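Working notes, beginning with the structure itself.
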Amino acid sequence: MFSKKPHGDVKKSTQKVLDTKKDALTRLKHLRIVIENADSIDLKQFFDQHFSHIYYVFFENFVTIEASLKQKGHKSQREELDAILFIFEKILQLLPERIHQRWQFHSIGLILKKLLHTGNSLKIRREGVRLFLLWLQALQDNCSKEQLWMFSCLIPGFSAPQSEYGPRTLDNLINPPLNLQETQVTIEEVTPLVPPQSGDKGQEDLTSYFLEALLKYIVIQVKSLEWKNKENQERGFSFLFSHFKKFYLPYIFPNLCKENSLYHPVLDIPQVRPKPHYVMVKKDAETNETIYCTKEPFIQARVIVIRWLVSFWLEPKPHSGPNIPGMEGEVLPKNIQRAAASLVSREESKNDTVDKADKTAEPEQSHSNTSTLTEREPSSSSLCSIDEEHLTDIEIVRRVFSSKRSNVNFVTEIFRQAFLLPICEAAAMRKVVKVYQEWIQQEGKPLFMQEPEETVITSSDIPCSENVTDHDISIEDGEKREEENGTNISEHVRNSTWTKNGSYQEAFHVSEEATEQNIQAGTQAVLQVFIINSSNIFLLEPANEIKNLLDEHTDMCKRILNIYRYMVVQVSMDKKTWEQMLLVLLRVTESVLKMSSQAFLQFQGKKNMTLAGRLAGPLFQTLIVAWIKANLNVYISRELWDDLLSVLSSLTYWEELATEWSLTMETLTKVLARNLYSLDLSDLPLDKLSEQKQKKHKGKGVGHEFQKVSVDKSFSRGWSRDQPGQAPMRQRSATTTGSPGTEKARSIVRQKTVDIDDSQILPRSTRVRHFSQSEDTGNEVFGALHEEQPLPRSSSTSDILEPFTVERAKVNKEDTSPKLPPLNSETGGSSANVPDLMDEFIAERLRSGNASTMTRRGSSPGSLEIPKDLPDILNKQNQMRPVDDPGVPSEWTSPASAGSSDLMSSDSHSDSFSAFQCEGRKFDNFGFGTDIGIPSSADVDSGSGHHQSTEEQEVASLTTLHLDSETSSLNQQAFSAEVATVTGSESASPVHSALGSRSQTPSPSTLNIDHMEQKDLQLDEKLHHSVLQTPDDLEISEFPSECCSVMAGGTLTGWHADVATVMWRRMLGILGDVNAIMDPEIHAQVFDYLCELWQNLAKIRDNLGISADNLTSPSPPVLIPPLRILTPWLFKATMLTDKYKQGKLHAYKLICNTMKRRQDVSPNRDFLTHFYNIMHCGLLHIDQDIVNTIIKHCSPQFFSLGLPGATMLIMDFIIAAGRVASSAFLNAPRVEAQVLLGSLVCFPNLYCELPALHPSTPDIAVSQFTDVKELIIKTVLSSARDEPSGPARCVALCSLGIWICEELVHESHHPQIKEALNVICVSLKFTNKTVAHVACNMLHMLVHYAPRLQTYQPDSPLKIIQILIATITHLLPSTEASSYEMDKRLVVSLLLCLLDWIMALPLKTLLQSVHSTGAENEKTEKSVLNCIYKVLHGCVYGAQSFSHPKYFPISLSDLASVDYDPFMHLESLREPEPLHSPDSERSSKLQPVTEVKTQMQQGLISIAARTVITHLVNHLGHYPMSGGPAMLTSQVCENHDNHYSESTELSPELFDSPNIQFFVLNNTTLVSCIQIRSEESVPGGGLAAGLVSANSNVRIIVRDLSGKYSWDSAILYGPPIVSGLPEPTSFILSMSYQEKPEEPPTSNECLEDITVKDGLSLQLRRFRETVPTWSTIREEEDVLDELLQYLGTTSPECLQRTGISLNVPAPQPVCISEKQENDVINAILKQYTEEKEFVEKHFNDLNMKASEQDEPTPQKPQSAFYYCRLLLSILGMNSWDKRRSFHLLKKNEKLLRELRNLDSRQCRETHKIAVFYVAEGQEDKYSILTNIGGSQAYEDFVAGLGWEVNLTNHCGFMGGLQKNKSTGLTTPYFATSTVEVIFHVSTRMPSESDDSLTKKLRHLGNDEVHIVWSEHTRDYRRGIIPTEFGDVLIVIYPMKNHMFSIQIMKKPEVPFFGPLFDGAIVNGKVLPIMVRSTAINASRALKSLIPLYQNLYEERARYLQTIVQHHLEPTTFEDFAAQVFSPAPYHHFPADADH
C-alpha cells in the first residue's frame, strides 16, 4: 500500500497527518513518511504531542484492513496488515509513558488479542507475541491480572494457570466463556485475522517455537521503548523476566535448587546419575547421524532457556564486525560485513557438528506470508548469535543478571542444570562450557567474578583474550602488539563490551557501592562452583552402547578436562579451590574408572567402546598433573595424599595408569636431577653435544617465525610441532631485559608478591588453542620448537614444560610439522634461561606420551630415548647439599628411611627395606618396570588424551613424596612417614631456590569448543607442561632460611630440592605396592619402567662429580641418587608366582644391574643377606629364563666389585653358567656365561678352600669347596669344545689360555693343562676361522711361557711346534683353493706363531728327530727343523709339493698320543656365520682394486713362508746378538767406512766408487760388495783376531725379505809375525828319516786304532771353546782332527750330517767290495815301500840338497775391488752355473731412492701403546697427565710390560719418542725377533710445562691402544683423554684381593681379540704379559680394519720385487766379468800410498 517514494517536506506530511479533513488512509500514508524520515528525537516529540491523532489514524486504518482481510485475505491485504502493524509498533515504542498510564488500555489489548488468536497463522501469532511483550514492557506493574494470565499462556504446551474461574487458557482469555443465562450485551467475539495458508510450513514443536520467540523478544526489544527515563528499559526487562521465572521456570526446570548460591556455595560432590533412556528420533539429513532424545518433559524447553542465557555471555566481537581477511582497517558496507559474518559462522558450524541443535531455531522467513516483517526483524537464525545492532540490549540484560545476588545465583543454577542434561543435549552443554571457559580465561571478568575489594579494570588498552578461532588477526599486527604489551598474538584484542564499554561502566559507577560490593563473589567461588557442577558430566552413567552418544560424552568430558587443565596450569587458585579440584578429580576418576574385574574383562580389547576406556589416559594425566601442580602452590594435606594413594592403588588394572605414572616419574626424575643434583638429563656432562650443536642451542631471541606459528595451536597439538633438531630455549622477557642483577632483584620482588593477582601487574602471555586429537596423535604432540626460537618466559610456575612436551613428542615422530607450540610470553621472569620445571615436567611427559599409535619403550634397558634438546633449565648447579652423617656420600637410603619408626632398615644407609605405607598398610616393595613397550594412553580417542596425559603425568609425578619432618629439611610440617620418608642423611638441606610467584600465566587458551570437531577434541597437553614448570625459581634463592617451600609449611611456591625430592618419592609409591597389581602385563610394564627409571638415576649418578673443563676433578658429590631404593619391590617381585614371569624377569634384571655397579655406600649386612638369598634361589631356579636373566645382567662385573661375601655365590654361578652353556637356545646369554666363568679361573689359586652356598639346595647352607678349579675348568673345557656360539667359544678359549698361564706361573702341574692345550691345538683347524684365530693367539701367548711349559712337561714345546707344522700341512691344500682371505690369514698367523715358537726354543731341541712313517715304508728319521723347512717349502711352492714323500713334513695322525688327540671332536657353531665375501675384508671399502687384492691374496701364504725361512736362516741360533734384542738388522750402509764416499747417506757418488758393486741374488736378495780398509790397532786384533791379514776387508751388505745384514770378511794369512829370525826350513825327508816311524799295522787294526783314537778325541775335546793351535795341542792329538771337531761344535750348520762330527770318518761306501778295498791298500803299501827305498839309497846325493829360501814379500794389489773379486770367485759367484741367479743392478738415482725407502722400513712388527695411571679421585685429563709416578703395584706392572730402555741411545723402534729427552729419559720396551712394542707411559714423560703436556697428550692420544691403570673408585671413561684415536681401551682396576679386574672398551667395528676379555679377572703374576699380549692383538685387530693394509713383510717383498723388476741389469758374461773386475774407473787416493 505504501510504496517508498522520495519524500517531500516532512513538515508538510506532518500537517497532513494532523489534518482531520483528510481521509484516514491519506493521513496514514503521510504518517508513514514522517516516521521513515524524521529524526528519532523529533519523532518522539511528534508522537508525544499528537498521540491522539496518531492513534486515531492507526485505529481507523486497522479496522479497515481487518474488514478487508476477512473479505478477501489476499497477499496485498496481508502486506497492508504488516504496514499498519509497523505503525502500531512505533506507537508502542514511542509512547511508553502514556501506555504505562493505561492509555488506550482496552483498545490495545483488543488488537493484541486479535493478533494472538490461536486461529491466526504462526507468523501473525509470533508478531502478536512480540507486540504484546512490548506493551507489557511499557505497562509493567500497571497491567491487570488478565495481561499476566495472557503472558503465562503465550507459550502453548504449559499447563494453564488456575484462577477462580478455572484454568486460564489463551483461548479463554481472548474470548472469555459467556454466562448466557442473563440477557446482557456481549462483546464481539475476537476472530483470527489471517488464518494459516495452505503453503505455510507448520511447526512440530510449538512450545519450543514460541518459547524461543518469547525469550528472544524479551531481550531484543529492551531498548526499543523510547523512555524518557532510561532506567525503565532495565525495569521493563526485569518485569518480564521475573514473570517468566514465575510462570514458566518451575515447569522447565522442575529440580531448580534455590539453595545453591555462588556466595555460599554447596561444594558437596554430586552422586553418580543413572543412564537415561535414550530414544532414536530421526537421522540427520546432512550427516546421516542418528539423533536421540530422552522424551523427558520440557527437555527441549530446558535446552532453549540454557542456550538463551548463554547467548548473553558469548556475545560477538563488537569492535569491527566480522574480520574479512585482507580488508583490515577498511570501512565495509554492512551487507558485505553480514555476508562475511555468515561465512564465518558457516565455517564454524562446519567445525561443530554437534551444534545441530541450533537448527531448531529455524529461519523465519519461511513462515511468513509477507516479506516486510522479516526485513525489519533482527536476524535470528541462531539464538546465540544476536546481531551486533543489538549489543546494547544484551548489555542491559547482562546488567540485570549482574545486578543482584539472586540473579547471579539464577545464572549459576541454570548453568548447573545444563550440566545435568542428558548427553543427547551435549550441544547446549558445550555452550555453557564455552562461557565458563571464557570467564576463566579472559582478563575482563564479569562483575560477580571480581574480588570483593577489587576495582574494575577499565583501561581499555589491556587486551582481553579471546579464543583464537574467533579471529583471524593479522600476524604482523599480532607481533607488534605482542611487543608492545607483552601479550601473545593469539590473544586477540577485543573490547569486552560488558566490562569495558563506556555506558556499561558508567552504569556501574552510578549503581550503589553496596550492591556492587554485594554481588562480587570472587574468582575462586566461581571456580569452585564450576569444578563441582561440571563434574556432573562425568558422573552421568555413559551410554556405551550408542556410539554417537559415547562420542558426545567423551567430547564433553574432554572439554571439561581441558578447562581443568587450563586452571591447573594458568589460573591462580587458593587452597580451597585446589583442594576442591583435587577432590573432584579423585572422585571423578574413581567413579568413571572403577569397575568390577568381570566388567573390566568384558571390555578388554574394546576399551575404545567405553567412556572409561576413552577417558582413562586423560583422567589419570589430569589428576596427576593437577596433584603435582597443587603441591607446588599450596599445602596439600596428608589425608588427600592418602586418598590419592588409595584411589590410584585400586585402579592399577588400567594400563593407562601405569603409562601415565611412568611418564610422570620420567619427568619427575628430570626435575629431581635439575633441582637436587643440578643436572640436565638431556644435556649431561658425559654426553655433551658437539660445539656446533651447542652453538645452535643459543637462541636468537623471540623470532618472527616463532610468533607466527604460535597463533593457533592447541594445547595438545601445539606441543606436537617440534621442529627437528632444535631445543626450546627460554628467552628473557621484555620486562626483564637488562642486567642479570636486576633480573634477580625483580625475581625476588615477584616471589614475594605471591598473593597479588598477577593479571594486574603483568601483561598476559600467549594462550594456545587446543585442537582435538586427530590421526597424528602421538607424534605430533609436541610442537616445533626451534633452538633458535626461544620460548617466551612466563613468570608462572607453569609454562616451562612446554618445551618438554615438545620434546617428548619428538621422540615419537621425526617428521614433525613445522609449527610452534604457543608458549607463554614472558611476563617478567628472572633468569630467563631457567625454565619452569613443572612445565618442563609436563611437557616432557607430554612429549613421550602422546600417541595412540605410539608404543613406548623398547624391551631393552638401553632403549630409553632421551630427548636431545630439553631446555637449558636443567643445567643449573645447586651446590648446597647436606653431608651424610658418617661422612660417606649417602645414597638416599630407602623409600622410607631411618626416620620412621616401623622401617626395616638397620642403619642410616639402609637399603630400602621400607615401604610406602598407606593407612597403616606397608607396601614392602616398590616395583619398577624395565623396558616393556607401554602404549601411552593409547586408546583415548581424542588426541588430546595423549598429550595431556603425558603432560600431566609429568606433572603429577612431580608431586608425590612426604618428607619425614624430623630428619628432613622440610621445616614446620611433618609429613607422614607412611607415604615415604627421607632421612636427614639423604635429603637435601633446604636449598633455597628463589621462588617464582605463582603468577597467572595464561596458557594456551583451550579450544574454541563450539567449533571443534568432537572426534578430534584433544585434551590440552600443555597442562602437563605447565604443571611441571617452575617459574624462574631455579636459582639458588637469596631468601633467608626461614622461607621454605609450601610443602614444608613455608610460602615459597614452585620447585625446590626438597619439593622435588618429596614429590619424586611420593609419586614413586603412588601406585601402592606394585607387586599387588593383578594384571601380569601391567605388572611387567611397571617393572619395565622401573628399569628405565633406574637407568636415569644411574645416569644421574654417573654424571655427578664430572669435571666440566677436564682440567680439575671435582670433589665427590655430597648427594647421590638412591640407586637401591627400588630393591624391596624387586625382592618381593622375585617371590611372585609364574603368572608374573615377565615382571619377575625385569625385577631380576634390575636387581643385577643395581648390584653390579660400584656401590657408593656399601650395602649393609641385612641387605646383602636378602640379596644373596634371592640370587641363590634365582641361580638354582628351574626356569631357565630366570637363570639366563641373572647371568646376562650380572656379567661381567659381578665378581670384580668385591661385594662382601660375593664369593659365596661362586658355585651357584659356575653351575648356572654351565646350564646356560649347555642349553640348546642360541639366544641364551652365552657370551655372558663364558665371561663369568672366565673371570673365575684365577680365583681357585687365591682361595684354596672356598666357603660357598651349596648349589644343589635352595637352602642357605655354606660348605667348604676344594674342587672349584676342577669344576670351572671342566665347564670351560666343555664350552671350548661344544659351545655353539662363536663369540662365546672365543671367550672360552681365552679363558683356557689365561688358566694355563695361571697354572704355569703357580707351578701347580695341574693334569688338565694337557687337555686344555689339546683343545686349543685342535681348535687351530676349526672351520670357523675367527675361533681358529683366537686359538692361534692363545698358542702365540704361550710362547712367553715356553720355559715354564718345558719344566711342566719337557716335550710340550716341541709337541706344539709339531702340531703347528701338522696343522699347516693339513690346512694348506684347502686354503690354497679357498677364495676367502680369512682362510689364508689363518695359515699366515699359524706360520708366524710357528716362527715365534721356533725362535723361543734352543737349537738342540729343534734338532731332535721326529719318527714318522714315510711313503716307502722304511723307517726314516728327520729332525723337527727338517720338518719345519719342508712345511715352509710347501707353503712357498704350493701344497702339491707335499705329494712327494721327500717333501712331506708330518701328518696330524703321526702326533696322536696319550696326551694329544689331534682328531678330538669339536661341535660346530650353530649361529649363522657372517657371509664371507670373496673380497678381502680389509679392502672391501675400496671397490676398484680387485686385481691388487687377488694378487695379495694369492701371495699371502707364500710371502709369509719365505719371510719365515729367511728369518730362520738369519736369526735362528743368533738372536739376540751382542747389540741386544733391540738390534735385529744392521744399521750399516754402503757409504759407511767407505773412503771413496764423503756423504753421510746413500748418494750418487757411490756409483763412481771403484770399491763397490751392487748385485741381485736369486731375484730375491740385494747384495752390495764393498772393499774397505782393515782396522788397525784394534784391541784383540779386530776382524782378523790378530792373525796376519790383508790390508783391506770385504763388506757384504745383504737386503732380503727379513731385513738387512752386513758381514765383514778378512783374508787370513797365518799367525802373527814373531820378531827375530825365521826358523830354518827342515826337509820332510830328513824329519821322517830321523823319526824312523814304526811299521804300520794292518789296515784293520789301523782303522780300529783311528776309531778308538777318534772316540777318545771326541770325549776329550767335544766342548773345546778355543781354536786348537800348536800351543794348545797335546802330542797325542791330531791338529786337523781337533780343528774339524771345533768347527762342528761351534758352527753346527757346517756339519755334513746332523749330529755327526766332521772328524768322524765317513761310513764305508756301499758300492766298494772287500777285494777292491784290499787292492787299494796293497797298492798304497807298495808305493810306500818303493819311496822309502829310494830315499835311503840317494839320501846323500848332491843333487838332493838345496839352499835355504826366504819368505817372499807380499805385493799390495792395485785394484780397489781386488778382495771382493777374490771372495766372489771363492764363493763361486763368477762361475757359469751361477750366471742365471747372480746379476748386476743398474746404478741410478732411482735405485738409491728405492734402497733408502727399503732401509727406512721396519723389519719387525711394531706397536706403540699408551699407558695411563689414574689415581683415586682423578677424573680429568690434567690431573691424569700430570701424574709423575704411581703406586707400587702400578710400577711393578709397568716393569713387567717390558724392560726399561734409555731413549737417548735406544736403537730399536722409538714409536715417535725423541732422543733429546723432551719425551722422557726411559720407557718400557719389549722385543722378540718378530715384534717390537714401545710403551708411551704417561708417568715417564715430562709434564712441567704446557708445551710438554701438549706433546705428551699428542704422543699418548695418537696411540690406538690405551692401557689405563685406574685406582679411582669410579670407572674410567673414554673421553677423559680427548683423542680421535684410542680405539681400544684396556682398563685395569686393582681389586682388594690382589687380583685385577679388566675392562675392555672398543669401538664396535673392532673384531674380537684376546687373551683378555671385558670382565676378565687375573692374578698380578700373569697380568703384565696378558695385558701386553692383549694390547698387541688389539693393535693387530685395528690394523686389520685398514683397507688394503699389508703386513711389513708383504710390503718389503713388494719393494724388493719392484727393485728387481726395474733395476736388474741383464748383461753378457763379458760385461758382467768386466764390471766385477772393475766396478768403476779407478782413481788413486793419496791415502792409499801409506796404507
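Any Cβ shown, glycine's included, is placed from N, Cα and C.
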Of the residues SER817, SER1477, the one that Swiss-Prot lists under phosphoserine: SER1477
Per Swiss-Prot, the candidate from SER739, SER1003 carrying the annotation phosphoserine: SER1003
Phosphoserine according to Swiss-Prot, picked from SER474, SER490, SER852, SER859: SER859
Residue from SER465, SER796, SER848 to which Swiss-Prot assigns phosphoserine: SER796
Segment assigned the feature coiled coil in Swiss-Prot (from 1509-1542, 1713-1746, 1747-1780): 1713-1746
Residue from THR1001, THR1030 to which Swiss-Prot assigns phosphothreonine: THR1001
Residue from SER349, SER690, SER863, SER968 to which Swiss-Prot assigns phosphoserine: SER863
Rounded mean pLDDT for the residues that make up the coiled coil (1713-1746): 88
